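Swiss-Prot has this to say about the protein:
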| type | residues | note |
| --- | --- | --- |
| TOPO_DOM | 1-14 | topological domain 'Mitochondrial intermembrane' |
| TRANSMEM | 15-45 | transmembrane segment |
| TOPO_DOM | 46-59 | topological domain 'Mitochondrial matrix' |
| TRANSMEM | 60-87 | transmembrane segment |
| TOPO_DOM | 88-227 | topological domain 'Mitochondrial intermembrane' |
| BINDING | His161, Cys196, Cys200, Met207 | Cu cation A1 binding site |
| BINDING | Cys196, Glu198, Cys200, His204 | Cu cation A2 binding site |
| BINDING | Glu198 | Mg(2+) binding site |
Amino acid sequence: MAYSFQLGLQDATSPIMEELMNFHDHTLMIVFLISSLVLYIISLMLTTKLTHTSTMDAQEVETIWTILPAVILIMIALPSLRILYMMDEINNPVLTVKTMGHQWYWSYEYTDYEDLCFDSYMIPTNDLKPGELRLLEVDNRVVLPMELPIRMLVSSEDVLHSWAVPSLGLKTDAIPGRLNQATVTSNRPGLFYGQCSEICGSNHSFMPIVLEMVPLKHFENWSASMI
């Protein structure tokens, strides 16, 4: 989860988030090299009086600055397209959870079970227990099995919302009348926090998301106790 004065991304918890962080580093390296080259050339132009009168007419230079940007864009686009396909691909999910956004709470329905559904509201600051996080705790957590593919169906009952859990690399728009889907796969157990990431009204900041990833045996025990 995030912490005060954090400079980097949250620790990756899913394969998709790991790929996104690798892509971020890959792209940042390319941008850094280009920026360094541009700054070096600018500094040379400002500090020296050297000129090359035939530069603008050189066929070789024109060829280089046409082909090189195209190659750089391809180097950025190919990993990006690969990750986009990964995010859209859902292979044999073991569980489907339907998530509905409301003003201003989330409701969840485990569609593989007959009567397993609940609403999830933020816990007010006055009701927090020692060690709990302000504006991030909920009264009903979403309990899911770890290391298994889970399909999340996301929609909304009223206005636009966005269901986002950064450490899992998830951000899916909740649009009234439309179902969007995302894949949830956690590499380890734990609590993972998120929030609504689409301005949806006066209490937009009070729509936290808490996923509790547990081993499959614990999930089966929890689901049996909820039915």
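Heads up, the Cβ atoms here are built off N, Cα and C, so glycines get one too.
Keep in mind that what you see is a predicted model, and the values were worked out from it rather than measured.
Residues 9, 72, 75-76, 79-80, 82-83, 86-87, 166-170, 183, 185, 187 of the same chain sit 6 or more residues outside the transmembrane segment (15-45) yet have a Cβ under 8 Å from a Cβ within it. Shown are the binding-site residues His161, His204; of these, the residue with the fewest other Cβ atoms within 10 Å is His204. Around the Cβ of Cys200 (Cu cation A1 binding site), the number of neighbouring Cβ atoms within 10 Å comes to 21. Through the fold, the topological domain 'Mitochondrial intermembrane' (1-14) approaches residues 20-21, 24, 133, 136, 166-170, 184-188, 190-193, 213 of its own chain, all at least 6 residues removed from its boundaries and within a Cβ separation under 8 Å. Annotation for Glu198 (Cu cation A2 binding site): spatial neighbours Leu160, His161, Ser162, Asp173, Ala174, His204, criterion Cβ-Cβ under 8 Å with sequence separation of six or more.
Taken through DSSP, the topological domain 'Mitochondrial intermembrane' (88-227) splits into 21 helix, 61 strand, 58 coil. When other Cβ atoms within 10 Å of the Cβ of Cys196 (Cu cation A1 binding site) are tallied across all protein chains shown, the result is 25. Sitting within 8 Å of the Cβ centre of His161, Cys196, Cys200, Met207, and not among those site residues for Cu cation A1, are the Cβ atoms of Gly101, Gln103, Trp104, Trp106, Ser162, Ala174, Gln195, Ser197, Glu198, Gly201, His204.
Taking the centroid of the Cβ atoms of Cys196, Glu198, Cys200, His204 as the Cu cation A2 site, the other same-chain residues with Cβ within 8 Å of it are Gly101, Trp104, Val159, Leu160, His161, Ser162, Ser197, Ile199, Gly201, Met207.
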